[in-house]
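Trainee: Sharing a structure with you now.
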């Protein structure tokens, strides 16, 4: 490799350092929305942490299957136009793209407006997500501020604070209360 090739490789590494890789809708084979989705103006004032309350996943194939299953359930049984969350975090430490942050979510009833929905795939009532998943979520929150999806002083909330639910599970809820931007109030 020439010095120019090394320079290009080095600059590319610098450009992507600190960016959370996101598994796109095309990569997990999402269906298109089946109806209109209201838009929201970004940056948003809140990030809401949830869990899907179902099975967990630890590899790319299983996590993508969980994404398709959740989307199918939310579109057919819950009658959402698309998957309800903006981002989901797998046990493989990867972030999965849900709906656009500029589209109103479908996870917190009247509190969807102004909220970025981030759900961990699995049930975290008794056990917290693994370190890889937790680190991915923290990096995603930082990246969302840098990309003007969240305001710099956003409020971090648990799903149970904005909706009548046990989500994000007791173990995960206890952890996120220690994260930057945690807020007791909406």
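Placed from the backbone N, Cα and C atoms, the Cβ positions cover glycine too.
Features from Swiss-Prot:
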type	residues	note
DISULFID	57-63	disulfide bond
DOMAIN	47-169	domain 'N-acetylmuramoyl-L-alanine amidase'
CARBOHYD	181	N-linked glycosylation site
SIGNAL	1-18	signal peptide
Trainee: Calculate the per-residue pLDDT averaged over the domain 'N-acetylmuramoyl-L-alanine amidase' (47-169) and state the result as an integer.
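Mentor: For the domain 'N-acetylmuramoyl-L-alanine amidase' (47-169), the model's average pLDDT rounds to 98.
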Trainee: Tell me the residue counts in helix, strand and coil for the domain 'N-acetylmuramoyl-L-alanine amidase' (47-169), as DSSP assigns them.
Mentor: 39 helix, 27 strand, 57 coil
Trainee: Cα-Cα, whole number of Å: the residue listed as 'N-linked glycosylation site' versus residue 63 (disulfide bond)?
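Mentor: Computed Cα spacing between the residue listed as 'N-linked glycosylation site' and residue 63 (disulfide bond) is 28 Å.
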